[in-house]
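The block underneath contains the structure these notes are about, expressed in structure tokens.
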């Protein structure tokens, strides 16, 4: 039911139990909860708290993704003999709404141990001295992860792009509307921002969600190198504490190569997933010398008693934008 929500100044509150509250911080009201939408989409300008990571954010615009959920049984199980599946069932994608959002900069330091806050990266122009763009505090959020709220604050989210993209209009609901700059930015960078496929699978109560993004192509030593970013979220749906120890990837390229990658942890970390902090999200990159391929693998987790178990990473395809678009633009603020 709707009611006032508070936040430790600075991080958001309602999802932070007292034991996680920073020492010496005082709760302050940030807004009033609204009923989550069971049907339909949230509008541009909708304020929300992230139900898993607890940060404050605002919706920029929605994306329609195809969600391939291996936890949902198909009426007819078809066998698919391919390099990635090895006889696994064919999974039909269902349309699902995700949102491009801005994260409140005040909350980024408090979620950095659980989720990377630079969720969008892509290759820059060839004549640009920086090879990679990273947009801080820009995330993709599933519809069910949004806890909507309202606020009377005319600048409720602190982010360098907030006032460039949105303006306050008290006659609207929500009272923040897109500026022309947001519409132009979305149109120009659509191929680099668009989220198309989401893959999900649960093993022993550990759910793995993978979102791949095509980043562009580079020419190197008279050959083409295609780059992708993939964002992975690990969620512990059980009360038992577990720790990620190893990763094991298989990367197949359309050129015919099959690469195996093993290593400790992910992005230099071995995150602990507990009831209090059940999720961890990170991004990484992969390159192929072919315009498409696919990846799959396992994460090895350790239980408190020292035993290990492997969690499947759902197979996902790496597809390039066949008609090469112009490189990202409009990012020099």
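Glycine is treated like the rest: Cβ placed from N, Cα and C.
Note: TrEMBL annotation is automatic and uncurated.
Taken straight from TrEMBL:
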- 200-325: domain 'ApaG' (DOMAIN)
- 1-20: region 'Disordered' (REGION)
Tally of residues which DSSP labels helix, strand or coil - the domain 'ApaG' (200-325): 0 helix, 89 strand, 37 coil
Averaged pLDDT score, the domain 'ApaG' (200-325): 92
